[in-house]
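Engineer: Please see the structure below; I have some questions.
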Amino acid sequence: MAAWKSWTALRLCATVVVLDMVVCKGFVEDLDESFKENRNDDIWLVDFYAPWCGHCKKLEPIWNEVGLEMKSIGSPVKVGKMDATSYSSIASEFGVRGYPTIKLLKGDLAYNYRGPRTKDDIIEFAHRVSGALIRPLPSQQMFEHMQKRHRVFFVYVGGESPLKEKYIDAASELIVYTYFFSASEEVVPEYVTLKEMPAVLVFKDETYFVYDEYEDGDLSSWINRERFQNYLAMDGFLLYELGDTGKLVALAVIDEKNTSVEHTRLKSIIQEVARDYRDLFHRDFQFGHMDGNDYINTLLMDELTVPTVVVLNTSNQQYFLLDRQIKNVEDMVQFINNILDGTVEAQGGDSILQRLKRIVFDAKSTIVSIFKSSPLMGCFLFGLPLGVISIMCYGIYTADTDGGYIEERYEVSKSENENQEQIEESKEQQEPSSGGSVVPTVQEPKDVLEKKKD
């Protein structure tokens, strides 16, 4: 009886899971060639995938959840997916270069999603890009609500001006990363001090910063640099994104599970420098910490001890290491100043030698990871080609040996023919002089094979 109840419960759970998958998939449309003509009437969030792509298969359940969530909240954005290998011409038209590629299509515009492949991040991207490019903030209450909701956002304060046109141009390019708002001077919080109008501000890290055209240069470049919080928990994706800012990244490489003084101290030092020395270093440095050294080891092609501090130049793969432990904030500030004045020598880079080293390192890492994860698969992948090459080499060697033997047989046969001709000539000369006497026959030389038989 107990077994029957367990079996019934198991079947019920399986049925629920299957139904849930069917329901989720029902809100994601499979797109075909007709999508090109019909898409302009709606806003579409599309996953361009390939059936054989492993990352695409990992994204599929998340994508189904995105479709279900967007439908449940009544979003005007439709969610779909397209096999980019079957409809390659359409995928090429939208600029698909790899798989999976997520794009939001709004009218004639196509926006690439480059963030983490999580449900919440994808949905936030869809809401941000599908809405107005510049969102108005009509009241202080709305302003405060946006401050609580977004960790980083930009605000234009003022009326029509050339600065506003630049702001709109920057927003059209960078809306895929952050939010852009506009407000009147009366709506801005009282603690904000503006020396001149119009102005562009960024609100983050529980404070604000004002754009200065003379000090900060191009507005789009400034927004691209300031769209990150001053201190971040880093991962590989964030480091890749920071490569566009031109900033150096000061990292405390720690083990977050380790609560010893060495690990917590380095993290606190970096946080304090990021907070207290922002005016000195924020134009050139981004601060943060990373849990574990696996990614950093791959990036540096070296084994870093944990905990440690490393400064990365993600634009050219250079890095800076200190030959001693950083014990306090003063040590870290001195390290940064030495990097800025060129006292500390950069390591790594993207030279030809480093690129060759990278190829060898990546190949070695791939082989090691395969053997660690699946030794049998590694033996098959690398043993089979080696076996084929060995057989080919053996075949070439034996073919040369047989050729030599055939050549030797040819030389032996040639000499036998010459001997036979000489014997026949001697017979003809002896027959007239002997007058019919019997001449003993000369035994012909034996073939090489006959000699072997004897």
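Every residue, even glycine, has its Cβ placed from backbone N, Cα and C.
Taken from Swiss-Prot, the feature disulfide bond applies to C53-C56. Per Swiss-Prot, the feature domain 'Thioredoxin' maps to 25-128. Per Swiss-Prot, N-linked glycosylation site is recorded for N258, N313. Summarising the annotation, Swiss-Prot assigns topological domain 'Cytoplasmic' to 397-454 and lists sequence analysis as the type of evidence. Under the heading transmembrane segment, Swiss-Prot lists 376-396, citing sequence analysis as support.
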Engineer: Which chain-mates of C56 (disulfide bond) that are at least 6 residues away have a CB under 8 A from its CB, listed by sequence?
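Structural biologist: Long-range Cβ contacts: D47, Y49, A50, Y99, P100.
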Engineer: Give me the Cα-Cα distance between N258 (N-linked glycosylation site) and N313 (N-linked glycosylation site), rounded to a whole Å.
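Structural biologist: N313 (N-linked glycosylation site) has its Cα 27 Å from the Cα of N258 (N-linked glycosylation site).
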Engineer: Is C56 (disulfide bond) helix, strand or coil when read with DSSP?
Structural biologist: helix
Engineer: Which whole number is the mean pLDDT over the topological domain 'Cytoplasmic' (397-454)?
Structural biologist: 53
Engineer: Can you tell me how the residues of the domain 'Thioredoxin' (25-128) break down into helix, strand and coil by DSSP?
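Structural biologist: Residue counts for the domain 'Thioredoxin' (25-128) by secondary structure: 44 helix, 26 strand, 34 coil.
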Engineer: Give me the CA-CA distance between N313 (N-linked glycosylation site) and C53 (disulfide bond), in Å, as a whole number.
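Structural biologist: About 31 Å separate the Cα atoms of these two residues.
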Engineer: Kindly assign N313 (N-linked glycosylation site) to one of the three DSSP-derived states: helix, strand or coil.
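Structural biologist: The residue in question, N313 (N-linked glycosylation site), is strand (DSSP, three-state).
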Engineer: Please work out which residue of N258, N313 has the most C-beta neighbours within 10 angstroms of its C-beta, and give that one of the glycosylation sites.
Structural biologist: N313
